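Undergrad: For reference, the structure I am asking about is given below.
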Amino acid sequence: MDDLDSSDFAPPRPIGGGSGPGKGFSYNLPGPQQSESSLDSPTYSSADDVRLTAPSRGDSDTDIERVATRKRYAQSSPLKKGTDTLRAVGKKMRRVSMRVVNLAAMDMESSMRIQDEDDEQDRREREASAADEPEDVETKISPLRGRTLCFLYPTSSVRLAMYKLLVYHWTEPAILLLIIINTLLLTIQSANTLFLDDPLPRGPLSTWEDIGIFALFCVFTLESFARIVVSGLLLDPAVHLSSIFSNPFHDNPPLPVVISRLTTPFKLSQDQPKPSPIPVLVGGPEKGHARKSTEGFIPDTLKIVIPPLTPIHSRHPSINPAPATFPPPPNPSHPLPSNSTNANPPPMSRRSSSVLPFEFALHAQRSLAHRGVPYLRHSWSRIDAIAVTSFWISFILSAVGVEHTAGLHLGLFRALSVLRCSRLLAVTNGTSTIMRSLKIARPLLANVAYFVIFAMVLFSIVGVQSFNGSFLRQCVMTMPDGNNLTWGQFCGGFVDPHSLNTSAFITASGALSTSSPRGFICPLGQTCVEQDQNPNMGIQSYDNIFTALLQVIVIASVNTWSTDMYDAIDAEFFASSLFYVLGVIVLNFWLLNLFVAVITNTFSSIRSATKKSAFGAHRVKPAQEEWMLADGNSSGSRLTVGGSRRNIVRVVYEKTQLFWPLLVLASVSIQATRTPNRSQGFLDRINFAELVFTLLFDVEILWRFIGHMPDWRLFLSSPSNFLDLFLGLICSAIQIPVIRHAAVYPWLTFFQLARFYRVILVFPRMKPLLLAIFGNFYGLLNMTMFLLLTNFLAALVAVQLFRGDLTPEASMNFSQIYNGFLAMYQIFSSENWTDVLYSAGEAEVPFKQVIVTVVFLSGWFLFANFIILQMFVAVLRENFEVAEESKNGQQAAQYYVAHLGPQQIDDVHSRDWLGWLNPYRYFKDASDVSSGSNGWGPRSSTVGLPFQKSSVETLRMHRRARMLTDVQGNWSSLKTTYSIKTIAALNHFFSGEEQIDHIPLRTMTIKDRRGAMDNIDELEETERYLDILATVAPNASPVQASRDALYDRRQRTARFIAAHPSYDKTLWIFSQTNKLRRTAQSVVKPANGKRIFGRSHSPIAHPIFELIILLAVIGGIVVAGIATPAYRREFYQQHGFIRGSWFDLAEATFVLVLLCEFFVKVLADGFAFTPNAYLKDEWNIVDFIILAGLIVNTISSIVVIGGVNRVTRSLRALRALRLITLIDKNRSTFESLIFAGASRILDAAMLAMLYLVPYAVWGLNIFTGLMYSCNDSSVAGKDQCRDEYVSYVLDSNSVNLGFYAPRVWDNPHTSTSWSFDNFPSSLLILFEIVSLEGWIDVLEAAVGITGHDLQPLTNANQANALFFLFFNLLGAVVILTVFVSVIIGNFSTKTGTAYLTQAQRDWIDLRRLIMRQKPSKRPKTRPVGRFRSWCYDRAVNKHGWWAKMMTFVFVVHILVLMTETFTRGKLRDDFRDDYFLAVICIYALDVSIRFYGLGLRSFLANGWNSFDLIVVIGSAATTIPIRAGSASFSTQQMQKIFLTSIAFKLVQRSNRMNQLFKTSRSSLPVISSLMILWFTLFLFFGILYVEVFGLTRWESAETREENYSTLGRALLMLAFMSTGEGWNQYMHDYALTYPRCTNSSPSEPDSDCGSVGWAFSLFIAWNILSMYIFVNMFTGVVVESFSYVTQQAGGSRSITREEMRSFKKIWAEFANHNTGYLEKRNFIPFFAKLSNCFEVRIYPSELSIANLKKVAHFDEDMDFRSGGRIIDGIDLYKLARALSSIDPAEIRRRRRLYNRLIQEASISTEPGRGLSFTSVLLMISHYTLINDKDALELKEWIRRTEVNKLVKDLVDLERVRGLLKMVYDRRRFLAYREEKAAEVARQQRPDIPAIVVDSLMTTPPSQSRDITLAGLEETPSPTRQTVYSPTTVFAEDGPTPSPSPSSPSFMSILREGSRRVSDVSTRTTDIYDHYV
């Protein structure tokens, strides 16, 4: 173990000499090595360890000199090198031991460090420098404190000995070795196969493995005891035991005090006793002296410099960072509270630059690593305690003989003892990094888990209410011998053999049920009987909440859920499928994708913050750099030139580079020709060819090596060279005859096929994608290792739990560790995971372990499938993300393309395919030459960034437009009728247009005009400001310039039409003046933009016309859904083959309507070559193709009755696609989701196919000809598989049901038909396995291989499973996650988030949160009535006793709902009904109180209140009749719905779930658009499947409901196939061909055969489109829509729910209740009252007058010794002390921000209304929550910069106005004072004779106009002037007492004599008034 360093916890040293204010402190904290730990990755913890400390010796300079001296005098002898190697190995082992053993028990929160290479090198140098220093004895400060185990004091010799043992430097490596040995012993013990009938070992020590494990756990127990002795068990050692038994209720304290007293004994002690110096011999007693310091215990230190305290400039450092400050840490030997954290990160030294930021936020906890924490206060220690305790419990149970008995198996404790091995999850730095990353995401994952569990519970409640007892009913056949035979067919009724009527089922008691028949009706001769037990030994059912919850988990897993769904359909109704489909959509497509969002966004945040991968400690390079490194010189086979000079060998090689990939392709192609029927000579030729290829590639490697001469060392610098050299060596080695003829050779051909990567890299678009996938190979490798380790540990637990409990018939029987590993991996992959669950559960039912089995296996499934599997998505997403440093450049490029890119050319000279065919492209008009070059429009010279004047003009126009729009909107709202709203809605539905009715001013009434003029007058002052700014900053406005290109284009087209009139004639006949054409133009929208000439489409006629087309399309879909092939066949059988059937006429009518639409569009705008031609719109092209297909189908159906063939009939499905082209939302969604990312999706699909090729050839080499089996399992091999045998329908016990069948030797046909006998078949089955469907059947066949032409046996050759594990992990998982990553990337690119920095994403999250908020509609004033005010308080108080009581009622209500079971009891049912009635009454009382307290308007303004009203009324209306005993079936079902709806109230009352619910509601528009588009494709494929396979004969998978005979059944099958369920089995079933079916004939034109081409094409197309694209699109939508929930830091976390409620409360106080806007006169009082994160006032709330009075208040009882001056009860000394704390610079900064905010609010005011709720929130966010420069995108930042410039200029202008006015008023004041002084002087000297002069004509004083008044007239001076002075106010009638500054007269004096002053100019006065 590493030596302990004396500088690890040195006392603080002042930086810069001395100490005191302004000086920083430096501390040596645990460094990089220590930071590898975590809560789930064991390493050292600041919260749980006992550390030694000592004064620091030396500093960093001394360390550097010591390193340099050591290097200078180092000896490089062989002995020295060997010693160094051993030392390095030992130190590496100790580092691993510190990660795994973690005696220090470091929490993950304190271990967020991710090392890099520099840290590793620095650490090695420091270790090397310390290794040669002499060892000395130092006195250590012992952290031992208090009493442990009530009697062991710090001076106890036992406690000191245990302490020395724990800190001994070889303790951790020894424990690590013991953990590894324990894992090996468990593996060896589990390797022995053990089945149910095998004898179990007797006694706890019956085998040598048991003895070894017993000895190991004795050591583990001693280790735990030592840690308990040193640090205590549960209570802090410094806490006295008697504190537990103290009375917490003395002196009647409030509840929070009682809770605090109860929890105080369990908190860590706050005491800080003096350390006791104790000499400690760290090096061991055998050395005779003490080792120096703590060097081995903490091998490295991280020096953190603490700066002096500085003011905090930002309230939210996560978005607007500010310098952080930290207090100095306490003495290391003193105990510290566990909650002593600091959220502010310290500055970093050079070596800490790579540390995660959240590590610094928790640095205080890391600095407490020396503090001893009780044993059970740390997670890993608790896990160790569980493991050790469980082992001894299992040991005792085994010793007394009760662990395994005939009726009870207690394997739980033995399984829990395996948890000791879980520390190996941190055995590598990569896996420990993954665990740290998971720990970071843990809080968010927990929030999502709560929400998902809540949703699952609700679905479980609904499931119990709907399907309890349904799975008990099965069809029963009574055999001749009297026995009843069942085969698992669920039912809801049977045919009565006597009356032949349909009857309900027979209950378990033998009585006929009174319910109506439903579901599957058992045929005549069978009876529907209720069984005693549910399927799978009662596990599969909805009879109680627990089994129902298991079925809901199965639904959420979207695997085997279709089986349960069809069972429910058979038992109940077809509508039961809605429960399952809705469960899949809500749980899997939506909620469980939140885990993906959390993981991907959290890991992305880690990568952005650390510039390192979240899956390893390596630095992530940009994608381009990784690709260059991956192939040397950016080419798959190009030589790495590096810095070497080029020689002739290299030049020649580079000319042959394409030859070598072709050679690889030839090699793979030759191997792909292998089949079982090939002769031995052909196989020998394949082997010889492979030998030749190997030699050629060896020559190539040698050639490339020579090409690097003389710089041959650069050869291995290229990864491609290294990989090819490795493959060349391996491939050459396997050609050795001994290996070549060995049985392992087919497996080794993988290395030959691995060269295929060079073929993939040749493809230009495949290369970057492949390199992006494997660019983060280190992270992918770490993730794979983490998965395998986790799966292995789960297998160890499962084997200890189930081993010996299952029979050998089950393929996954947990009989030994390898089989258990395969079983747990099967659950991870989710393929048929319920088979493992049910088989293990059934086996454990007799042993009473079924609950443990179900919980363990389902829990492993949830963790593995929804956490670990999604981490593969995150690791691939790391490579698809844009580098953080490149994002700003990408934004700039996008901004340039969007704003400064080239303009579009004109229509005549268009360069698309239609433009090249246009004959008018050869015509030119005279003006075309001068208009531009090649038809390109001239670029405006004014295009550029906006300047100040343009901003002013834009702002002015925007404000006036808003004012006029408001006036027009007000008038329009009075005149709008319902029909106009409907037309506007249809316009938006079909065209996406927002209809705005412009009302002429002449239609306005006099009153309306007067109101408009009043609104204009309100803008006068701001307009004067804008006039001044526009005058001083002139420039051209770019508004008109931005439209020049569009106008120029239209002008050129108009000139061309004038020169060539026929160009604008449709069909060269109809001109623009033709009435018929103008009529057509009014009903259709033009293509390719607006019409230059002619009539615009009518806003009324156009939507009506589109509505007619939509109704026709819907009618056509309904006809296609009714007139299916089965219906048409039955119709022709009844009426004969006649033409003119109703469906043929309906088809013709439908086609005629579409044809009329086509002619109208062509007549209006032309077909091909006119300016707005029909074909110039891509959607019209789609319509034309659809129309052509429907015409062909209709004509063929009329000419040939029933249609020609499948091709013509399939054209009927095209009508569904018109729903895409008609509806604007479908069009936009299809364009953005499919078209926008089509190229990337095709790239992913192509790469997936290329990626499968080498695996297909590898499987062909291994398994060709080996998977054959006989359908008679009793034969031994192929030679015996002949003749016939007796086969049975159900089982061999039913002798009467047996029949003779021929024996067949063929490939397996379990769930699907497959083989590895040729390359196409191998490729097909691997493609099916990629979808994770059917691979378990192939795996079972592979592991059953016994030899060539031998009958397979279960698990005979389990080593063959390695192929499928390898392919599933690196093939299927990678391909699936690639699709997810590509689609998420498409969403990110489309929405622009791909190029956003972390701060910008945080701002988007915050903005989404703000946009989702709405103001509360509370009454403006609190009601005055006593009762109503009480009701009002109950309604608005969200945390009062009433709200808590209602929350308790709702929780109990859910618990009561969960008590429903299948078994009935009158007393229990009556109690439930009475309780529900009581809950409804309480609920109704709560609603009534809120209704009365808030009033009708405020009550209905909240959606939750409306929900409450509906639920209360519905619950009461259904529960009362049921309680009265007169309720129907529908009433009972409605009651269940309403009662379950009450549970949703918990969503409202939980902050976490409420946030998730609101975010889900905000994403509903995107999800609904995607659902509508997906449903349209469902209709298209559903009609297609019905037309193609509606008459196909059923095979093994098809049933009464599982077929394509009707459209409803087809849609349901498409739904579950979208999740990958059984699609390949149906594909092979519908590939049915003759002779297994009947071909069509003249007598029977309808064939029941399928089609290989149609089956493979349709099923694969739907699988790719639906499963790979659309299902993953839900993931993309959820990730993008919920990204702001998953951010672990940022703006969205800066606004809590309580802060938002406080803001809404203040808003309701000042906003106008009629308009909902904040008026200008309320700006200052509103902003002054804001607090928390919204605080914008100049002085903080602590410095308000009320708070200052409170602080400076003089209390005679407490302040009797105060020496301060007391005035009116205010202690001036206290007041001065409080005022001295004001930071002037901070106040000035706040004043500047406040002035800018007021100005921006003033110019942003909507005329006549004010500011909206959302605009105020967004405005305040820019000042308090974000830093605009970092958080805004480039486009938004440019706009914001212009706004800031304008606001700044307005503020400066206001300052100038104030200054000039102050100068003017001061001069007037001085003149007036002089005049008054002279008058007083004259009055005081009456003895001097006065000279009287007659009044003469006086010259009026010159008046100068103040330019800052912008045209305002000067206000005349008042006749009576009053002047304020500090002592006296002089007036004309003599002196008067001076008014106080707070009196109203004082403010009026300041206002008198002034000119007209703006509202903004007087805001300081208003602020004063408000504060006073």
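Numbers here mean position along the shown chain, with the first residue as 1.
Each residue, glycine too, has its Cβ placed from N, Cα and C.
Curation does not apply to TrEMBL; its annotations are automatic.
Residues or ranges marked as compositional bias 'Polar residues' by TrEMBL: 31-46. Feature annotation from TrEMBL assigns compositional bias 'Basic and acidic residues' to 58-67. Look at TrEMBL and you will find 324-335 tagged as compositional bias 'Pro residues'. TrEMBL lists 374-610, 661-886, 1102-1391, 1440-1689 with the feature domain 'Ion transport'. The feature region 'Disordered' is assigned by TrEMBL to 1-67, 109-138, 268-293, 317-351, 1928-1972. Positions annotated as transmembrane segment by TrEMBL: 174-191, 211-235, 385-402, 444-464, 541-558, 578-603, 769-797, 850-876, 1145-1164, 1361-1384, 1441-1463, 1652-1671 (among others).
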Undergrad: By a Cβ-Cβ criterion of under 8 Å, what residues six or more beyond either terminus of the transmembrane segment (850-876) are in contact with it?
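TA: Residues 412, 415, 434, 438, 445, 537, 539, 550, 553, 557, 592, 595-596, 599-600, 603-604, 613-615, 773, 776, 779-780, 783, 786-787, 790-791, 794, 797-798, 801-802, 824, 827-828, 830, 833, 836-837, 840-841, 844, 1373-1374, 1377-1378, 1380-1381, 1384.
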Undergrad: Using a threshold of three or more Cβ pairs below 8 Å, and leaving out pairs closer than 6 in sequence, do the domain 'Ion transport' (374-610) and the domain 'Ion transport' (1440-1689) count as in contact?
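TA: Since 3 or more Cβ pairs under 8 Å link them, the domain 'Ion transport' (1440-1689) and the domain 'Ion transport' (374-610) do come into contact.
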Undergrad: Name the range, of those listed as 174-191, 385-402, 444-464, 541-558, 1361-1384, that has the largest tally of Cβ pairs under 8 Å with the transmembrane segment (211-235).
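TA: By Cβ pairs under 8 Å, 174-191 leads among 174-191, 385-402, 444-464, 541-558, 1361-1384.
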Undergrad: How about long-range neighbours of the transmembrane segment (444-464): same chain, 6 or more residues beyond its ends, C-beta under 8 Å?
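TA: That would be 542-545, 548-549, 551-553, 555-556, 579, 583, 586-587, 591-592, 594-595, 598-599, 602, 867, 1454, 1457-1458, 1460-1461, 1536, 1540, 1543-1544, 1546-1547, 1550, 1552-1553, 1556-1557, 1685-1686, 1688.
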Undergrad: Grab the same-chain neighbours of the transmembrane segment (578-603) for me: Cβ-Cβ under 8 Å, and only residues 6 or more beyond its ends, written as numbers and ranges.
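TA: Answer is 437, 440-441, 444-445, 448, 451-452, 455-456, 459, 462-463, 466-467, 552, 555-558, 561-562, 564-565, 568, 614-615, 866-867, 870-871, 873-875, 877-878, 1380, 1384, 1556, 1560, 1567, 1571, 1612, 1615, 1619, 1671, 1674-1675, 1678-1679, 1682-1683, 1685-1688.
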Undergrad: The transmembrane segment (174-191): which same-chain residues, six or more beyond its ends, come within Cβ distance under 8 Å?
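TA: Counting only partners 6 or more residues beyond its ends, the transmembrane segment (174-191) has Cβ contacts under 8 Å with 93, 96-97, 100-101, 103, 207, 209-210, 212-213, 216-217, 219-220, 223, 418, 420-421, 423-424, 796, 799-800, 803, 816-818, 820.
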Undergrad: Near the transmembrane segment (385-402), which same-chain residues lie under 8 Å Cβ to Cβ, leaving out any that are not at least 6 residues past its ends?
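TA: Same-chain contacts beyond the flanks: 203-204, 213-214, 217, 220-221, 224, 375-376, 408, 410, 412-420.
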Undergrad: On the 0 to 100 scale, where does the mean pLDDT of the domain 'Ion transport' (374-610) fall?
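TA: Averaged over the domain 'Ion transport' (374-610), per-residue pLDDT gives 89.
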